[in-house]
Amino acid sequence: MSSAMAPVKPSGTAGPKEVELILVKEQNGVQFTSSALVSPSGQTHPSGEERETWGKKIDFLLSVIGFAVDLANVWRFPYLCYKNGGGAFLVPYLFFMVIAGMPLFYMELALGQYNREGAAGVWKICPIFKGVGFTVILISLYVGFYYNVIIAWALFYLFSSFSGELPWIHCNNTWNSPNCSDLNSTLLNDTYKTTPALEYFERGVLHLHESSGIDDLGLPRWQLTSCLAVVIVVLYFSLWKGVKTSGKVVWITATMPYVVLTVLLLRGITLPGAIDGIKAYLSVDFLRLCDAQVWIEAATQICFSLGVGFGVLIAFSSYNKFSNNCYSKISPVHFSLNVFKFGKKGPGLVFIIYPEAIATLPGSSVWAVIFFIMLLTLGIDSAMGGMESVITGLTDEFKFLHKHRELFTLFIVVFTFLISLICVTNGGIYVFTLLDHFAAGTSILFGVLIEAIGISWFYGVDRFSDDIQEMIGQRPGLYWRLCWKFVSPCFLLFMVVVSFATFNPPKYGSYYFPAWATMLGWCLSISSMIMVPLYAFYKFCSLPGSFCDKLAYAITPETEHHLVERGEVRQFTLHHWLVV
């Protein structure tokens, strides 16, 4: 066992200087750390039990990349780029990436690493904001209810691809309707015709034709239920031992998509008309930049592209060594390109348009296997990240769960499986669409907004910068501090307002959801956002003293409550609110 003492850094107005003692030991190739805060008087305040850390830095980096590069990059970004002016869409996208995306990404990594807690526990820096930690935990849990279903669909397609002829090529299958027309048939001027790929997904896989709507779900399909069970088992054994198992799994799941994408790219650019397809896809229509909706969709996509607001980045970075340079780990911007025509987005793009295009290639079965393996690996590591956010967030908040990590992980994955069964019924796609529309839309923007306000204004950008300097030895530049305090909160506030103002009720194809279903969706969304005011009210009421005393304790870091007793409250000074 070896020990290292973090250098003492002046904390400005933050009160007494603090020293963090880090104990490191090796056990079966896995490093563990334990830390304590030592005050000038010599008193030691435990900051937590022995905490597991990543075996290698690359494990953390691959986990972050694997979570951020998920299925949404395959079905959402290409569609948005094609829809909103091609290459012109990259202008607002890059703009928002610079002023908001990367600063928020950096903020979450630093927050988790310094405090070594999950999404809820980190708010010991400003206790009244702990509710936002539970907000992001709930969002990750809700997303898991339907995200695992996507992976199950991909697994079903993978099994179906091991055949001499892909089942979505022709209309001579038992599930096809009289409206089905083969790929080579002309579908123009006939809106009632459908393709084999569309009917395979909706009738062969989902059995959507056996449901009349969300009020007629039916029983779970055993084939999809089996695929979902396989996904859940894989997730459990990837997570049950913590980062010492998940950190090894991502070596495959995070790197495989790039290998497959490279293969598909090389194959795609050799096809006839490939250059024309790329030109058409990236053709620049700068007039589209005059449309406010283009900028709104670019801003929304930033949150999904980088994965902020799910608590995953906080959970992952909490397992870093205290002195790890999280600034250097900020991943570069990635883009997903495709040369096919985008008439759909979401599941329709991945499970209808892509398979339809693959079916036209020579050796289509081989290419289908490769493609759906890529989808599986993209989905698995992102699902792992979401579940790790829930598990780490709750085990760090409720310490007794630490000793029962394996059982608690089993409980979470089984609970997720049971809820997900609703999405593999005949009408499951309607529940899936409802969850996709409400689980992580406005609520995630709201969560990141409160997170940014809590850190930048109440905890303080200057104090947060001191924390980063204590970890990596250098203070964040003026660009980061200005974005954290002004630009990012304004950006997020604008996005929250716009998301409410431009709300459109969910629909699937030509099916419009009944009013009660939309209300149920809003209840789901509000159930996570309401944790912020509920916990703030609870915390305020549970603290002793007068109104001012309660407020002081609620917005002061727990390690500085002794300063409140002396009347030294940073947040009650003008300097705290003006300094950058």
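Glycine too: its Cβ is placed from the backbone N, Cα and C atoms.
What TrEMBL records for this protein:
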type: TRANSMEM; residues: 60-78; note: transmembrane segment
type: BINDING; residues: Gly66, Ala68, Val69, Asn73, Ser305, Leu378, Asp381, Ser382; note: Na(+) binding site
type: TRANSMEM; residues: 90-111; note: transmembrane segment
type: TRANSMEM; residues: 132-159; note: transmembrane segment
type: DISULFID; residues: Cys171-Cys180; note: disulfide bond
type: TRANSMEM; residues: 222-239; note: transmembrane segment
type: TRANSMEM; residues: 251-275; note: transmembrane segment
type: TRANSMEM; residues: 295-316; note: transmembrane segment
type: TRANSMEM; residues: 337-354; note: transmembrane segment
type: TRANSMEM; residues: 366-386; note: transmembrane segment
type: TRANSMEM; residues: 407-432; note: transmembrane segment
type: TRANSMEM; residues: 438-461; note: transmembrane segment
type: TRANSMEM; residues: 482-503; note: transmembrane segment
type: TRANSMEM; residues: 515-537; note: transmembrane segment
Message = Distance check, please: Cα of Ser305 (Na(+) binding site) against Cα of Cys180 (disulfide bond), rounded to an integer number of angstrom.
response = 36
Ask   = Any chance the transmembrane segment (222-239) and the transmembrane segment (482-503) have 3 or more Cβ pairs under 8 A, given the pairs are 6 or more apart in sequence?
value = no
Note = Out of the recorded positions Ala68, Cys171, Leu378, the residue with the smallest number of other Cβ atoms within 10 Å is Cys171
Inquiry  = Using the CB centroid of Gly66, Ala68, Val69, Asn73, Ser305, Leu378, Asp381, Ser382 as the Na(+) site centre, which other residues of the same chain sit with their CB within 8 A?
reply    = Ile65, Phe67, Asp70, Leu71, Ala72, Ala254, Pro257, Gly307
Seg_contact(the transmembrane segment (438-461), the transmembrane segment (482-503)) with at least 3 CB pairs under 8 angstroms, min sep 6 = yes
Note = The rounded CA-CA distance in Å from Ala68 (Na(+) binding site) to Cys180 (disulfide bond) is 38
Note = Contact set of the transmembrane segment (132-159) with the rest of its chain, CB cutoff 8 A exclusive, min separation 6+ beyond the ends, reads 71, 118-123, 205, 223-224, 227-228, 230-232, 235, 309-312, 314, 347, 350-351, 355, 368-369, 372-373, 375-376, 379-380, 382-383, 386-387, 389-390, 393-394, 397, 412, 416-417, 419-420, 423-424, 428, 431-432, 435-436, 439-440, 443-444, 446-447, 450-451, 454, 524, 527-529, 531-532, 535
Message = For a quick check of packing: other C-beta atoms within 10 Å of the C-beta of Ser382 (Na(+) binding site), how many?
response = 27
Inquiry  = Counting Cβ pairs closer than 8 Å, which of 90-111, 251-275, 482-503, 515-537 has the most of them with the transmembrane segment (60-78)?
reply    = 251-275
Message = Whole-number answer please: how many Å between the C-alpha atoms of Ser382 (Na(+) binding site) and Cys171 (disulfide bond)?
response = 35
